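Report on the structure given below.
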Amino acid sequence: MQLLQNKVKEEGIVLSGQVLKVDSFLNHQMDPVLMKEVGKEFTRRFKDENVTRVLTIESSGIAPGIMTALEMDVPMIFARKQKSLTLREDIFVEKVYSFTKQETNEITVSKKFIKPGDRVLIVDDFLANGEAAFGLARIVEQAGAEVVGIGIVIEKAFQPGGRLLAEAGYRVESLVRIASLDDGTVTFA
Ligand code: 5GP
């Protein structure tokens with residue numbers, strides 16, 4: 001997606017540890033026009049999948065997730081990272097190791113919102129090692145629903161997440177793929 005690639009090129013800042021900071025349009029300040037285009041593009045790519053739910057993870061997945069759900073005219077659910085006050089039997093729980101925070105968090109989704117028969121599109125802002133996407137997929141599967149695809153705004157293709165998800169049989173669509181962040185420079189795949 002050229003618009004997004006231009007934005008990454010112009011505004012992305014490479015941090016140490018192979019992390020890309022895009023806080024001017026995705027991770028802090030958000031660009032609603034760009035997010036709307038992201039939603040349209042995921043909708044175009046997954047139009048034949050009869051998606052019934054979009055699932056993402058707070059907080060940076062919410063903007064691309066809600067725009068995709070709006071375009072698809074389906075509900076969006078975001079997995080929570082905080083401990084929920086809800087009774088444990090009412091929620092799906094999975095452990096996810098956070099690439100950026102280097103700690104394991106529990107993510108939770110209420111059982112009310114994903115049901116057997118749902119066709120779920122997972123959306124997230126970044127793909128690195130695939131931990132977040134795998135955790136979300138395990139929640140969908142716990143619910144007896146189906147993951148019909150994984151839509152990623154920015155994939156760091158030099159990290160193994162994309163390959164691991166494809167090997168596990170998931171269809172991954174990334175709008176921008178980065179081959180390297182070496183020497184503080186973004187090189188696209
Ligand atoms: P994974 O779970 O695939 O290892 O990492 C993806 C998650 O970690 C995303 O939800 C995202 O929030 C965060 N993440 C991973 N790499 C980056 C990065 O380079 N920049 C930012 N801003 N977030 C990242």
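Every residue gets a Cβ built from N, Cα and C, even glycine.
Now, the feature entries from TrEMBL:
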| type | residues | note |
| --- | --- | --- |
| BINDING | L20, N27, K156 | xanthine binding site |
| BINDING | A128, N129, G130, E131, A132 | 5-phospho-alpha-D-ribose 1-diphosphate binding site |
| DOMAIN | 47-157 | domain 'Phosphoribosyltransferase' |
Compute the C-alpha separation of L20 (xanthine binding site) from A128 (5-phospho-alpha-D-ribose 1-diphosphate binding site), stating it in Å without decimals.
11
Would you mind sorting out which of N129, E131, A132 (the binding-site residues) have a C-alpha within 10 A of the one on K156 (xanthine binding site)?
N129
To the nearest Å, how far is the Cα of A132 (5-phospho-alpha-D-ribose 1-diphosphate binding site) from the Cα of N27 (xanthine binding site)?
16
If you count Cβ atoms within 10 Å of the Cβ of A132 (5-phospho-alpha-D-ribose 1-diphosphate binding site), leaving out that atom itself, what do you get?
28
Pairwise CA distance, E131 (5-phospho-alpha-D-ribose 1-diphosphate binding site) versus N27 (xanthine binding site), rounded so that it is a whole Å:
18
Starting from the Cβ of G130 (5-phospho-alpha-D-ribose 1-diphosphate binding site), draw a 10 Å sphere and report how many other Cβ atoms land inside it.
25
How many whole Å apart are the CA atoms of N27 (xanthine binding site) and A128 (5-phospho-alpha-D-ribose 1-diphosphate binding site)?
15
Maximal Cα-Cα distance (Å) across residues annotated as binding xanthine, namely L20, N27, K156:
16
Cβ neighbour count (within 10 Å, all chains shown) around N129 (5-phospho-alpha-D-ribose 1-diphosphate binding site):
15
So which other residues, same chain and not among A128, N129, G130, E131, A132, have a Cβ within 8 Å of the centroid of the Cβ atoms at the 5-phospho-alpha-D-ribose 1-diphosphate site?
V96, Y97, F99, L127, A133, F134, Q159, G161
Tell me, roughly as an integer, the mean pLDDT over the domain 'Phosphoribosyltransferase' (47-157).
95
